[in-house]
Amino acid sequence: MAKYNVVFVLGGPGAGKGTQCEKIVKHFGFVHLSAGDLLREERQRPGSQYGEEIETHIRNGTIVPVQITCSLLRRAMEESGKNNFLIDGFPRNKDNLDGWNKAMTGVAGVRLVLFFNCSEEVCISRCLSRGEAGSGRSDDNIQSLTKRIQTYHNSTMPIIDHYRGLNLVREIHGEKSPDEVFEDVKQVFAELKL
Ligand code: UP5
Ligand code: MG
């Protein structure tokens, strides 16, 4: 049995991954690791050799090489001292999936994939409003968002389909209020026996 239990949390930009993960942490005691947050932290870390590369990918809505992301995730998992993780916003493409499988098979078992389905219009409008409210995120602008959406359709949807084939995906409609969405999330977690 793998040491770590993982739930991947996927969905378009602004689909509500982070918002729902916070609620899951409170109710179900998982550790929340947002791949995007870990990359943004690494970008800011003085002396990081990856800062510029990460920023270029984030601004362009493209995907950072898996070696960087997977090692940040693995370190955070080890340092937490815990076993149950929500990994938010990863794996986003084939490179991510292959790199994860190579490094983590036998170490971490993927128990479920939560997929928040949200229309492109809603995703864009949420991220733009967040940018206008002062998120400080360099990708909450229409140019970056157009590319983020494109990457999501072209590269991330095939990963969701891959996990659908393994019967691991639980799809949740992400356009209701955060509390209503969480009611559906709770039902998914009720079936999860770790
Ligand atoms: N909001 C949330 N839920 C709502 C609801 N039900 N009703 C109304 N409003 C709702 O929510 C976004 C906004 O919507 C917030 O203002 C929230 O209040 C509101 P949030 O919960 O933050 O959504 P989330 O899906 O987490 O959106 P986020 O912008 O974080 O998604 P992305 O997937 O685009 O961002 P992420 O940080 O994961 O990645 C950013 C970039 O990092 C990527 O584009 C990529 O360049 C890079 N990256 C990698 O290269 N590799 C990785 O593995 C991960 C990231
Ligand atoms: Mg997020």
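Each Cβ is built from the backbone N, Cα and C atoms, and glycine gets one as well.
What TrEMBL annotates here:
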type	residues	note
BINDING	Gly14, Ala15, Gly16, Lys17, Gly18, Thr19, Arg130, Lys176	ATP binding site
BINDING	Arg40, Thr62, Ile63, Val64, Gly89, Phe90, Pro91, Arg92, Arg137, Arg148	ribonucleoside 5'-phosphate binding site
BINDING	Asn96	CMP binding site
REGION	34-64	region 'NMPbind'
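The closest partner of Gly18 (ATP binding site) among the binding-site residues, by CA position, is Gly89; the full candidate set was Arg40, Gly89, Pro91, Asn96. Listed in sequence order, Phe116, Asn117, Cys118, Cys123, Gly174 are the same-chain residues at least 6 apart in sequence whose CB falls under 8 Å from the CB of Ala15 (ATP binding site). The binding-site residues recorded for this entry are Gly14, Lys17, Thr19, Asn96, and the Cα of Gly14 lies nearest to that of Arg137 (ribonucleoside 5'-phosphate binding site). Averaged over the region 'NMPbind' (34-64), the predicted model reaches a pLDDT of 98.
Ranking the binding-site residues Gly18, Gly89, Pro91 by how many Cβ atoms sit within 10 Å of each one's Cβ puts Pro91 at the top. Between the CA atoms of Arg130 (ATP binding site) and Pro91 (ribonucleoside 5'-phosphate binding site) there is a gap of 24 Å, rounded to the nearest whole number. Spacing of Ile63 (ribonucleoside 5'-phosphate binding site) relative to Gly16 (ATP binding site) is 19 Å (Cα to Cα, whole number). Summarised by DSSP class, the composition of the region 'NMPbind' (34-64) is 20 helix, 1 strand, 10 coil. Of all Cβ atoms in the protein chains displayed, 22 besides its own lie within 10 Å of the Cβ of the residue listed as 'CMP binding site'.
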